Amino acid sequence: MHTINSDLRNTDPDISFLINQELLRQQTHLELIASENFASEAVMEAQGSVLTNKYAEGLPNKRYYGGCEHIDAIEQLAITRAQTLFNAEWANVQPHSGAQANFAVFLALLNPGDTIMGMDLSHGGHLTHGSPVNVSGKWFNAIHYGVDQTTKVLNFEQIRQVALKNRPKLIICGFSAYPRTIDFKAFRSIADEIDAYLLADIAHIAGLVACGAHPNPVPYCDVVTTTTHKTLRGPRGGLILCRDKEFGKRFDKAVFPGNQGGPLEHVIAAKAVAFGEALKPEFKTYTFQVISNAKALAKRIQERGISIVSEGTDNHIVLLDLRSIEMTGKKADSLISEVNITANKNTVPFDPESPFVTSGLRLGTAALTTRGFTEKAFIEVADVIADCLLNPEDLSIKEQCKAKVIDLCNRFPLYNSNQ
């Protein structure tokens, strides 16, 4: 007879085994995917709680279901902490993802066929910023700006000219693979010139923004969206922020009933825990270490003769341009995976290769910094990556690299306290 009191190992040994295998993989690999991080055990405890049982359509104290008094308190804590963290007057913590946060903004501000302007995906933008394969590029007239061909950084006069020519109703500033600081004030000036809304998608840099390691878009943008994982180190989910409470009500309605039903209150509780962690001084220390580590990683890789897009980084992202060593991103990704390093192939600006092959490799320092890596350890990581990429056919070097990775994993253990 089935009982809800049976644990996972007894109820479903197959899933239990696979979860433990994934834990082992995370513990024995170096995680350099820029969009990933390691949530705390407290965050995971909240997400795996009895809150998963509760339906709570609506907002705190305005629900369509009974029995929400504790849910209301939890969600209000998440809202208040998010407002404090980002100095925002309004927040909605219900979006299931960053993509759904963006769609809620589109629903609130746009009509099908309106013109939107975002960063070109191949230059570091995101699918939801108007890519033709995404609903944002199918429902709206999407135009794009990119980086300067020489410097590989944003050229605001070029962006201004694109905006003046096309006069979009919404400008999106944000990225998934841009390693430099975003000047939100400059974007605001362009948006004001054409009377456009301005959306900042800070999914990758939210943790940096929260701690003052990157400028805050809230004072300059009409609305801000983000994920709650990545550099914020929370559960996988979305968040919408706004500097004006009345304007924010548009997005409340766009989230529910606009494009979601019941919120995931177990995830919202985990968001609240993560926001609470991010408000502590040690998280600020962590965030600045993330950036220092990225700079050390980029510098060492350049010293080994591999080019870096824009010649460096201001955040957690290091984007390798592998044309400098006549290698594709697909090949590089495969090589480092053989020595237990996970990253991802990525297009670089003006990439001659297809998105399935690419000329780039995107690295991020957030996850390994959570494990305790500092600059010295990241120099070791850079050398392992360079050794792999510069000696693709040397099996002895490959074995040495894998041994170094295992040593680094042992020196900086993950989730070892209760395992």
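Using N, Cα and C of the backbone, Cβ positions are placed for all residues, glycine too.
Residues annotated as (6S)-5,6,7,8-tetrahydrofolate binding site in Swiss-Prot: Leu121, Gly125, His126, Leu127, Ser354, Pro355, Phe356. DSSP assigns Gly125 ((6S)-5,6,7,8-tetrahydrofolate binding site) to coil in the three-state reduction, outside any helix or strand. Sequence-distant contacts (6 or more apart, same chain, Cβ under 8 Å) of Gly125 ((6S)-5,6,7,8-tetrahydrofolate binding site) comprise Gly118, Met119, Ser131, His144, Gly174, Phe175, Ser176, Tyr178.
The N6-(pyridoxal phosphate)lysine feature in Swiss-Prot is assigned to Lys230. A helical conformation is recorded for Lys230 (N6-(pyridoxal phosphate)lysine) in the three-state DSSP classification. Within its own chain, Lys230 (N6-(pyridoxal phosphate)lysine) has Ala34, Ser35, Glu36, Asn37, Ala203, His204, Ala206, Gly207, Ala366 as residues 6 or more apart in sequence whose C-beta sits under 8 angstroms from its own.
Of all Cβ atoms in the shown protein chains, 27 besides its own fall within 10 Å of the Cβ of His229 (site 'Plays an important role in substrate specificity'). What Swiss-Prot records for His229 is site 'Plays an important role in substrate specificity', and it gives sequence analysis as the kind of evidence.
Cβ neighbours of Ser354 ((6S)-5,6,7,8-tetrahydrofolate binding site) (same chain, under 8 Å, six or more residues apart in sequence): none. The binding-site residues in question are Leu121, Leu127, and the one with the fewest Cβ neighbours inside 10 Å is Leu127. The CA atom of Phe356 ((6S)-5,6,7,8-tetrahydrofolate binding site) is located 25 Å away from the CA atom of His229 (site 'Plays an important role in substrate specificity').
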